[in-house]
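Peer 1: Sharing the record's features from TrEMBL:
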COMPBIAS  455-469  compositional bias 'Basic and acidic residues'
REGION    1-49  region 'Disordered'
REGION    440-469  region 'Disordered'
TRANSMEM  85-101  transmembrane segment
TRANSMEM  113-133  transmembrane segment
TRANSMEM  203-220  transmembrane segment
TRANSMEM  232-251  transmembrane segment
TRANSMEM  303-322  transmembrane segment
TRANSMEM  334-351  transmembrane segment
TRANSMEM  371-388  transmembrane segment
TRANSMEM  400-421  transmembrane segment
Amino acid sequence: MKRRGHGAPPGKAALEEQLNGAAPPAAVEGTPGAHGDPPASPAGVRRSTESEVYDDGTNTFFWRAHTLTVLFKTPQDTAYNTKRGIVASILVFLCFGVTQAKDGPFSRPHPAYWRFWLCVSVVYELFLIFILFQTVHDGRQFMKFIDPNLGVPLPERDYGGNCLIYDPGNETDPFHNIWDKLDGFVPAHFLGWYLKTLMIRDWWMCMIISVMFEFLEYSLEHQLPNFSECWWDHWIMDVILCNGLGIYCGMKTLGWLSLKTYKWQGLWNIPTYKGKMKRIAFQFTPYSWVKFEWKPASSLRRWLAVCGIIFVFLLAELNTFYLKFVLWMPPEHYLVLLRLVFFVNVGGVAMREIYDFMDDPKFHKKLGQQAWLVAAITATEFLIVVKYDPYTLMLSLPFYITQCWTLGIILVLTWTVWRFFIRDITLRYKEIRRQKQEHKHEEKCLSNGEGHSPLLDEHSGSKLRERKL
């Protein structure tokens, strides 16, 4: 491997002269190289310990002096200038937002970090709206400006097929079906559900979303082929192993964070290097901790909010697969990964803003800005899917799938009406009837001159216990 010689590397013209047989210009003896490097070797003389260097000048761009006139030397490439102008505009907006946007509920590792993701949310929403107003062909071909490899239809992988856990017909490897399913998406599922648990902070809600998404895959496998998976891939590998283990580890982390003592000390006030390194690491942990208690059955408002959260989570999960399908993006493309990283950062802030709005509506009088943006992004992604491929979405569900979902919706609506309307009316009627009976008993006691009776004390004690309960 050749190493760089001392001094500033020759430019493109110097390289052409060397290739044509001409000697490079001699360096003035005693003159130091660029940026304080030792003096270059005389022309045509190379020390035995010095490697030969070939440089066309590209790698030295950032080592050469430049002036502001570079902004006015615009190339004649329209596509290149358009890309550069869009990127520059986005960077200017991000710089403004990071310094001037409103702070969110999180302050670690730094409020500017969360302001950055808020501004990225705005940029992403504007990008989605732009894609939404293009034709299907133009929208797909526009992705070529981001990556020239996009804009080409890609076949979807079918995860179904042979679902035998042990295949006796394959003597070389009877468990080949299992090994085929153990791809890079297995650790991605685990990590994803670990982070989702840290966002939702509730075991029941996480398990409901996990199980319901598997039912959605069953229901929509006639639309997207990659939803077709083996039964053990759905329930053993996904729900129990990947999702379940991720939720379990997430709940353990939540337990540690809720028991942790949040006592902060300045870095320069810590005497030991070990303590300083520990303090730097803890800078990436929460400044304080709030335990989420969703209590969906406590009121109709909370119940509707929890149902809305579950619905948006499931819709965002489905958008991941449908966007890849309609925009022709392979599952392993870096844009798919960037979208998931984006939702991990903005989703945590949105969930905290939603919980603050539900738990303390007197202090938090309106929903947070990041929560509104996440809802708008999810809705816009769904609109893109509807516009770009309505035929796939309009494929009718199988009759037995329709029956199952109809039955589930009826059960949920029935429970909602009973819990928040019929049950409350019944309890309110019983309470009014009990109060009337107590009032009649008190009047009877007073009319008989008893004044104070043990039975009245017993009724008062029962009433006090009921109020405590």
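Just so it is clear, glycine is given a Cβ too, placed from its N, Cα and C backbone atoms.
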Peer 1: I need to check the long-range neighbours of the transmembrane segment (303-322): which residues 6 or more away from its ends have a CB within less than 8 Å of a CB in the stretch?
Peer 2: 196, 200, 205, 208-209, 212-213, 216, 220, 224, 226-227, 294, 296-297, 336, 339-340, 343, 351, 354, 358, 374-375, 378, 381-382, 385, 389, 416, 419-420
Peer 1: So are the transmembrane segment (371-388) and the transmembrane segment (113-133) touching or not, going by 3+ C-beta pairs under 8 A with a sequence gap of 6 or more?
Peer 2: yes
Peer 1: For the transmembrane segment (334-351), name the stretch out of 85-101, 113-133, 400-421 with the most CB-CB pairs under 8 Å.
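Peer 2: The stretch I would name here is 113-133.
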